[in-house]
Amino acid sequence: MAFECQEGTEVSKNLKNCEKDSCQEQIEAHQIIISKGTLDSYHKNCITSSYTAKQSPCNNVLSGCHQSITDLPPALISEILNCLDPKELGIVSCVSPILYRLASEHQVWKEFYSERWGLPIVPTPLGAGFSDKKSWKELFVEREFRSKTFLGRYSIDALHGHTEAVRTVFLLASAKLVFTSGYDSVVRMWDMEEGLSIASSRPLGCTIRAVAADTKLLIAGVTEGFIHCWRAVEGLPCLFDLRGAEAQNTEFRLWEHEGPITSLALDLTRIYSGSWDMAVRVWDRASLKCLKVLRHGDWVWGLAPHDTTVASAAGSDVYVWETKKGIPLGVIHNAHVGNIYSLARSHTGEFIFTGGEDGAIHMFEMTSHCVDADIVLVATWIPHSGPVYSLAFEFPWLVSASSDGKMSLIDVRKLLRTRRRALGKNASRVKHVNPNSLEPPQRMLHGFGANLFSVDIGADRIICGGEEGVVRIWNFSQALEIEQRARTLRGRRLENRMRRRKLQIDMNSKGGQTDQCSVAAKKKSMHGDRSAWHHKRGISSKLKA
């Protein structure tokens, strides 16, 4: 119950009967306004009596002011927690055990995880130590922690086996497999942890510019215009018989493109392919038939699907298509000076990244409406002195590979505001950033020859391949182990500090009690000495008399 204090106001006459009438009737009938001069007397006469009266009906009303958020209905608490970001939820969980349980078990952590990295395909997508029994909060915290290791120490593993330049690399992080190919027309499969070659295909006869894979299908796009596909061995996910005899049930080809295939992508039901025949084709994985043909005005260099849309780069333009109807939702003309050689997209589909012949990297935000999509330029970086041939994105890191032999790592977190339900579905997530104050890439990786053609990122690794024919794996797991040890030590120090603090508080409380007892004993002894002194003085005076 709150009261408003203002100067020049008077207390209502009915306040004298506060204890006689119920507080509920007074609140509904009168607006209580108290002046500064009469506030003290009012608190003494009415508020104190109403709080101390056990049988007063005012007691029930005023007791509501001591209620906390945990007394609210669970549905209302859930809606309140939905409006918080991960950092705020973490702060709320530190308030009390009840709020810790509510904030930790809330389903909003699943939304936070999926909007950054997408839902995991397999129960253990993050490597050793990650279990499907962990909560979404634990998965989110661990994945967020892993994302910081790309600024730490690393080691480099070189994979030798290709006889010519490597044009494409693909990292299947859930299975810890790396697929590479290039001018030697051979697809190779590597173990990501050990850096060993697992299998290699027979030569397909021409350059392979694109490779994509999931746990059930591996596809490669070649310059002769066909897509070569391998199905996983039945009952053994991620196991592809690359050297087996060509058979209809495990190995097949898709023919319809009229030019070299430059880009490939997979989802659960579709295959997407882009070609220099100025078309993107959408295939059905079950029937292996072409469902849609998306015509462009120039060579298609890259594509990135999401849900029912696919983004593509053709010439210097960026397109966003609706795949079911085959119509463009939005087009950006002349996004780069020259061709757009690379394109990447976030897991939510709302951010599109392009790298061009001019050495620039653009970040676009797409907000969809009923029919059209608004595509807005958010930021631009120019970290390279040559064309950007490849881009890869895993929240929050955007990695680029260029013909200058360098790779750049860009953290996009500072450009984004946290998604809240109150913002609305189509609200912009990007902060208003001054282009002149935009931070440069957080890290540049050197040590290559010229012409890096392809790059991928995931599972504490960055994979790249280029003209020298060597595949390099930048391993940041060492930084992860160092950070884990440092975090464990910080936790132990904090635990010891809290233990010492609790012990000190207990000792102080016991010491305070003993101090009070000693003071009381001293006072008693002093009073006893004075009475004895007065008694002796009285006796001596009598003797003298």
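Counting starts with 1 at the first residue shown.
Even glycines carry a Cβ here, placed using N, Cα and C.
For reference, TrEMBL has these:
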- 66-112: domain 'F-box' (DOMAIN)
- 159-200: repeat 'WD' (REPEAT)
- 254-293: repeat 'WD' (REPEAT)
- 333-368: repeat 'WD' (REPEAT)
- 522-545: region 'Disordered' (REGION)
- 533-545: compositional bias 'Basic residues' (COMPBIAS)
- Near the repeat 'WD' (159-200) in space but 6 or more residues beyond its ends, with Cβ under 8 Å, are 120-122, 125, 127, 206-215, 218, 220, 222, 237-238, 240-243, 451, 453-459, 461, 463-473
- Query: Quick one: DSSP breakdown of the domain 'F-box' (66-112) into helix, strand and coil?
  - Reply: 33 helix, 0 strand, 14 coil
- Task: Mind checking which residues of the chain, 6+ beyond the ends of the repeat 'WD' (254-293), have their Cβ under 8 Å from one of its Cβ atoms?
- Result: 207, 209-214, 217, 219-227, 229, 299-305, 310, 312, 314, 321, 323-324, 326, 343
- Could you count the residues of the repeat 'WD' (159-200) that DSSP puts in helix, in strand and in coil? 0 helix, 22 strand, 20 coil
